[in-house]
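Asks: Feature list, courtesy of TrEMBL:
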| type | residues | note |
| --- | --- | --- |
| ACT_SITE | D25 | active site |
| ACT_SITE | N73 | active site, proton acceptor |
| BINDING | D25, E216 | Mg(2+) binding site |
| BINDING | 26-30, R38, H42, 70-72, W74, R76, R197, 203-205 | substrate binding site |
Amino acid sequence: MFRFKKKEKLSVPLEVPKHIGIIMDGNGRWAKKRMQPRVFGHKAGMEALQEVTIAAKEMGVKALTVYAFSTENWTRPQQEVSFIMNLPVEFYDRFVPELHRNNVKIQMIGEVSRLPKETLEALEKAEALTHSNTGLILNFALNYGGRAELTQAVKQIAQEVLDAHLNPGDITEETIANYLYTSSLPKDLRDPDLIIRTSGELRLSNFLPWQAAYSELYFTDVMWPDFGEKALHDAIEEYSHRHRRFGGV
Ligand code: FPP
């Protein structure tokens, strides 16, 4: 008797980006659609971040840099700013233990010294607790602005020149990269391979302008609180079909 072998469903080969940057946009609109205050969306956004971090780790991503608060976000209503500033405190209690069990290492970039004391303390506790972890790096961009990052790098480099520690002729792209906030990341993970922006907006909004020079960009209409494991998988799948040429052929 002839027997047909059941065709196996092939899983799509995934080339997983090592470092993903995420612009977590659309929290406010997501909440408004549900007739809730904007902060309800930020809370849901924090929950989405937990799911995405664990999913990214399971897919083999090495670093996630998430745009949690920009240098421009201070202009939002005071109540919303305070709510967002309290999220790391809640995040530490509710989510950091699970991330720690998953070997996730928490770091941050930005003008973090200007964050409220309790916010900074919660993040520093998370950094200290997960310091020796060797898995995915969850890198929070907080009070981050790309132009501010470049400005502080230029100031530091100018000072090095004034102090005669550096010769202007010796300044290379690597020198500049060494003065950016992302110098806190392992060398091969400083630049994101893929940047995801949710909520249908098509811009980078001062997020990692130097580091994004060769990043693949992925825009989706999904609002950040709805972005989960499946949406991350879709983004990575699309990435795996792109051909990165870095200016070559
Ligand atoms: C942008 O959406 C979102 C933010 C400015 C805040 C993002 C923060 C989180 C997702 C939580 C991060 C977690 C921690 C622990 C800090 P929006 O408010 O601009 O949305 P809209 O464009 O619909 O108004």
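Even glycines carry a Cβ here, placed using N, Cα and C.
If you look at the structure here, what lies around each of the features I listed?
Replies: In the three-state DSSP scheme, D25 (active site) is classed as coil.
The number of other CB atoms found within 10 A of the CB of N73 (active site, proton acceptor), across every protein chain shown, is 16.
Contacts of D25 (active site) defined by a Cβ separation under 8 A and a same-chain sequence distance of 6+ are given as R197, T198, S199, E201, M223, W224, in order along the sequence.
Every protein chain shown contributes to the tally, and the Cβ of L204 (substrate binding site) ends up with 17 other Cβ atoms within 10 Å.
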Asks: Cβ under 6 Å from an atom of ligand 1: which of these recorded positions qualify? The list is D25, G26, H42, L204.
Replies: D25, G26, H42
Asks: With Cβ-Cβ distance below 8 Å and at least 6 positions apart along the chain, what are the contacts of W74 (substrate binding site)? List them in sequence order.
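Replies: Non-local contacts for W74 (substrate binding site): V81.
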Asks: Do any residues at least six apart in sequence from G28 (substrate binding site), in the same chain, have a Cβ closer than 8 Å to its Cβ, and if so which, in order?
Replies: R38, G41
Asks: Tally every other Cβ atom lying within 10 Å of the Cβ atom of E216 (Mg(2+) binding site).
Replies: 18
